[in-house]
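Novice: After the structure tokens below, expect a handful of questions from me.
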Amino acid sequence: MRLHRLRARLSAVACGLLLLLVRGQGQDSASPIRTTHTGQVLGSLVHVKGANAGVQTFLGIPFAKPPLGPLRFAPPEPPESWSGVRDGTTHPAMCLQDLTAVESEFLSQFNMTFPSDSMSEDCLYLSIYTPAHSHEGSNLPVMVWIHGGALVFGMASLYDGSMLAALENVVVVIIQYRLGVLGFFSTGDKHATGNWGYLDQVAALRWVQQNIAHFGGNPDRVTIFGESAGGTSVSSLVVSPISQGLFHGAIMESGVALLPGLIASSADVISTVVANLSACDQVDSEALVGCLRGKSKEEILAINKPFKMIPGVVDGVFLPRHPQELLASADFQPVPSIVGVNNNEFGWLIPKVMRIYDTQKEMDREASQAALQKMLTLLMLPPTFGDLLREEYIGDNGDPQTLQAQFQEMMADSMFVIPALQVAHFQCSRAPVYFYEFQHQPSWLKNIRPPHMKADHGDELPFVFRSFFGGNYIKFTEEEEQLSRKMMKYWANFARNGNPNGEGLPHWPLFDQEEQYLQLNLQPAVGRALKAHRLQFWKKALPQKIQELEEPEERHTEL
């Protein structure tokens, strides 16, 4: 009897020690373990420069089944369970994509290459960065990052959430989603409705709702944020009926759901292009999908190569109607949002990566016309649209430097500034909206880019994450360091409270009837009515001129 009691006591002690060990690993251990609904994950403890707290990282956690075989061009399915402890110490494979243009036109300027991750169709993973002290019950705000890349490239390993997590005491989640043809091909019918990449994002957010408490996060305080096509994704999630309730705030950096070239009402154009590129010349959409499912990784990469960007579609599921209609609908219920742009969005990165024009050469009228034609094709806009834009932005000007600045403003307004302002106007009467214009050119880029540059597309990212391309440390000036800390606090305060303002920060007013916005520069200031005269052109003059041009054509057709 005594022996039985002794064994029971020893067993209880052993269980207690094991429980303490697991709890220790879950918090301060160099080899932390956390539990998800599909199994345990081993992470790493990272010591963050400039922060008192360490951060635990859990990389490459599956949030869906690998989208292979019959799951290619199909909605994501829940992940399968695993036994034992899964290794979460290395980045996941990136989704299939063509990296040639980005590496040759952009990263080469910094003598850098992409992180040496493998590339695979099996890529539906997310990574988590959580303060080392966090535990289930910490209820920390959660910030889910959606990367940009024109919906054709990008990866989780390009971003490091450690600094944001450590300095602002938040849980950062970075997700991957299918890209290019695998992510957004559609036949426009039941055989391939499309928007697979967007559905992946929804699946990742559902996973966060189920599991983030195990990593110290609060599932009732989730903010989604993204840049460029990531901002478009965030904005699209805000209007989509199937993602409601999965997040509670949204930050759209240089990209919204109305960005031309990233949304199409019809799948016809992309479907036809893909059919031609793939040599799947079947007229029947079911046969076309079957043919594409049989293509190898190398063949899919070859089909992807010509796409510099690819649009989502009105699929009846994720987007039951065009985002503009959803934004204007009476039943639209947005979440509090930060919406913003940079003041030189088309200055350097996009023209280089998309090879629109030579950024090192002076631009004459002929070069501007050729560049405009390339952009109209990419953005799927009619030639008459381009003529009206040239008339408004460029006129008869022939001075090369002025011409280039006018062309850059025209394209930045078309793609980013005007759509962002339109979304802000749609949302601000129904939920709080905070608008910003980022204006600072990073000091470390001044020797690489033309001297007239301001804040280019993506320039705000190192200030939000306090790192550059996969965690590379940046040498900020002291003033830039202060700007970065302000921006991190604004973003994290918004994730905590739905309001970016806080102690020690310059006041950021709501975007409302007065159209006030924050100018994010070394000395932040409040501005008012950004691009007011251009917005009037886009809202009133341009639609009226297009209608006037279309009316004679309609009369001619009737005759």
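Counting starts with 1 at the first residue shown.
Every residue gets a Cβ built from N, Cα and C, even glycine.
So Swiss-Prot lists these for the protein:
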type	residues	note
ACT_SITE	S228	active site, acyl-ester intermediate
ACT_SITE	E345	active site, charge relay system
ACT_SITE	H457	active site, charge relay system
DISULFID	C95-C123	disulfide bond
DISULFID	C280-C291	disulfide bond
CARBOHYD	N111	N-linked glycosylation site
CARBOHYD	N276	N-linked glycosylation site
MOTIF	556-559	motif 'Prevents secretion from ER'
SIGNAL	1-26	signal peptide
Novice: Whole-number Å only: compute the distance from the Cα of C291 (disulfide bond) to the Cα of H457 (active site, charge relay system).
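Specialist: Their Cα atoms are separated by 38 Å.
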Novice: Between the recorded positions C95, N276, H457, which lies closest to E345 (active site, charge relay system), Cα to Cα?
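Specialist: Of all the candidates listed, H457 is nearest in space.
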Novice: Tell me the Cβ contacts of S228 (active site, acyl-ester intermediate) under 8 Å, same chain only and six or more apart in sequence, or just say none.
Specialist: G148, G149, A150, E253, S254, G255, H457, G458
Novice: Distance between C280 (disulfide bond) and C95 (disulfide bond) at the Cα atoms, whole Å?
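Specialist: Cα-Cα, rounded: 23 Å.
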Novice: Rounded to a whole angstrom, what is the C-alpha distance between C123 (disulfide bond) and N276 (N-linked glycosylation site)?
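Specialist: Approximately 26 Å lies between the Cα of C123 (disulfide bond) and that of N276 (N-linked glycosylation site).
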Novice: From the Cα of C95 (disulfide bond) across to the Cα of N276 (N-linked glycosylation site), what is the distance in angstrom?
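Specialist: That comes out at 23 Å between the alpha carbons.
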Novice: Counting only residues 6+ away in sequence within the same chain, which have a CB under 8 Å from the CB of C95 (disulfide bond)?
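Specialist: The answer is M119, S120, E121, C123, M155, Q176, Y177, R178, L179, L182, G183.
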Novice: I need the most crowded of these disulfide-bonded residues: C123, C280, C291. Count other C-beta atoms within 10 angstroms of each C-beta and give me the top one.
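Specialist: Result of the Cβ crowding comparison: C123.
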